[in-house]
Each structure stands twice: as C-alpha cells, then as structure tokens.
C-alpha cells in the first residue's frame, strides 16, 4: 500500500497543467471552476476581492472612454486617442473574458472533473501518455507567454514612476509634468496632491487585473487543449498497437467498444471547450486585428522613441497571443486526424469481416477533426494567423 501511495505522489497531477491559470485567476479573486477542499472563508474573501477589482477596472475603462470621446469630438490629442483605443480594446476583451468565463464555472467544473477521471494516477499508468513531455511543452509556452505580457504591462505601468525617480532623485529636477500610464478623464485635477498617487495606483491595479483575466483564460484553454491532445495521441498509439484476429471476435469487439467510447468522450470534451471559450476566442482575434492596426498606425506616423519601444512590445505581445492559440488549435486538429490514420495502420488484416466493416465508421468520423472554434464564425488553425494579418492590414490601409 505504501509503495502505491509513493508512486501516486511521484506521478504528475492534473493540476500541474492548470496551476498558471489558477494563479492568475486567484490574483483577481476568481475561481474559474470549483476546487476540491476549498474553505468557505477563502471563497468569501475571494468574492469581495473580485468585486473590488472589477469595480476599479471598469472605472478606469470608463475614464479612458470619456477621454477618447472628448479628444475625437474636440479634434485634439488625436494621437493619444488612437493609442488609448488600443488599451481600451485590450481592457474590453479582458473584461469580456472575465465575465464570460465566470458564467461558465459549472461547465468548466464538469470538464475538469471528466479530465481528472481520464487522467492516469500512478507512474506506470502515466508512462504511455508521455505526460512529462506534454507538461514541459505547455509550461514553456505559458512562461514565455505570461512573461512577455508581464514585461509589457509593467513597462507601461512603471514608466512614469521610474521617470519621476530619475528626475527627482538623480537629476534633481523638482518641476516636471506628472503623467499617468494611460490617458483618462476625471472631473477633478488629478495631477495635484495625493489624487495623482491614488489614480496611478488605481490604473496599475486595473491594468494588472485586466491582464490577469486575459492570461488566465488563454492559459486555461491551452491547458485543457493540451490535455485533450495528449489523450488523442495516446488513443492513436493504443489503436496502432492492437493486433486484431488473433483471438475470439468478442475480444476485438470489446476493444472497439472501449476505443469508440474513449474517442467519443474526447470529442465531447472538445465541444464543451469550444462552448466555454468560443466567445473568448472570437474576442481575441477581433481585438488583436484592431490592436495590430492601431499600433501599426501609431508606429508609422512617428512618435517618441520611448513610446515607440512600448508600441513595438505591445504589437509583439498581440502576435504572441495569436500564435500561441493558433499553435494549440493546430495541434488539436493534427492529433484528432491521426485517429483515422491509426485505425488504418493497425493490424486488422486477419480480423473478422464484421470488425473490418466497423473500422470504416471510425475512420469516417475521424476525418472530421476536432477544432477550436471562435463560435460559429471562425475555425482556428495556423492558417487563421495569415487571415488575421490580412484583415489587420485592411483596417490599417483604411
């Protein structure tokens, strides 16, 4: 018994794939799905933290929108207004992701529970799944992804704080213009007294909350897709390793029944993932198109070198987001299509005629690969990246 317990402790748990997404959700006081053994007082604390974060984030968003409307209406500060449009698009998408994923909590809990049921427990059971390989690949993608975005957001957030420290403590310049990370409008003079520090901290917290909501949704979706891909690859290897016709027909029939049930459960998981994250994916690609357009516009009309560096970083992060999602979507397509190839490749030549006829149905179903879908409008794959760039250029040219 102790040997089995030690083997389970050494095995990789499912939560290792979800830890990055959970960490970012916890930072805004949100639980995307029901966690085992969670305590009531912690849930209450997280609930009120979440409300405070959302109130602050949406207050900052409204102040940015008012600034843009006033700037465009008066015909002044046009460059600042277009730069703010990029930030506003980012915040709206983050808001939408947080709101929509919070509504899908019950379904997400069901998906995670079903994946936990499929997840092998001991080291011996996990070996055929190659879990360490899939986890290390997902971790590399995730660390690079959230690392780049953290550099981006805190470059914006801390730029004027560093500027203040350099001017005041290093250069001794006591008089300089106070600036906030993001252009906004409020009905008082925020540049005087403690109001400036309050606004600065509020925008910093709001920016991080928005980023956490965006990153958590993307990484949670990619983690679930990685797990499904892992099971598709395992199913393909299991099928290819089967030798049919060497025993009674009942043996082959039981193999087919288990294979079809496993395949069907993975297909249903993909459908649930699409229903949970479809709106999030659509907002990702639409907003990325506008962000690339506005950032490209800002870069071509000329701006200060410090703004240019931040804009390039912003553009790079938007492209990283698109490529990460499209790469995971392509892996899902490839892994699900491999099921049909595995059925054809396995040793079925000596099998019963009834068995061979059933294989045709499995191959036919596998020729409709599982995909990530941005609702009904868009099937996502690496081809989607080129479509997005073309759309961004059209907006930019317009």
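Backbone N, Cα and C define each Cβ position, glycine as well.
TrEMBL annotations: computationally assigned, not manually curated.
Now, the feature entries from TrEMBL:
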- 45-69: transmembrane segment (TRANSMEM)
- 81-100: transmembrane segment (TRANSMEM)
- 143-166: transmembrane segment (TRANSMEM)
- 215-233: transmembrane segment (TRANSMEM)
- 276-301: transmembrane segment (TRANSMEM)
- 307-326: transmembrane segment (TRANSMEM)
Practice prompt. Examine the transmembrane segment (215-233) against the transmembrane segment (45-69) and state whether at least 3 Cβ pairs sit under 8 A, considering only residue pairs 6 or more apart.
Written response: no
Fill in: Of 45-69, 276-301, 307-326, whichever stretch has the most CB pairs under 8 A to the transmembrane segment (143-166)
307-326
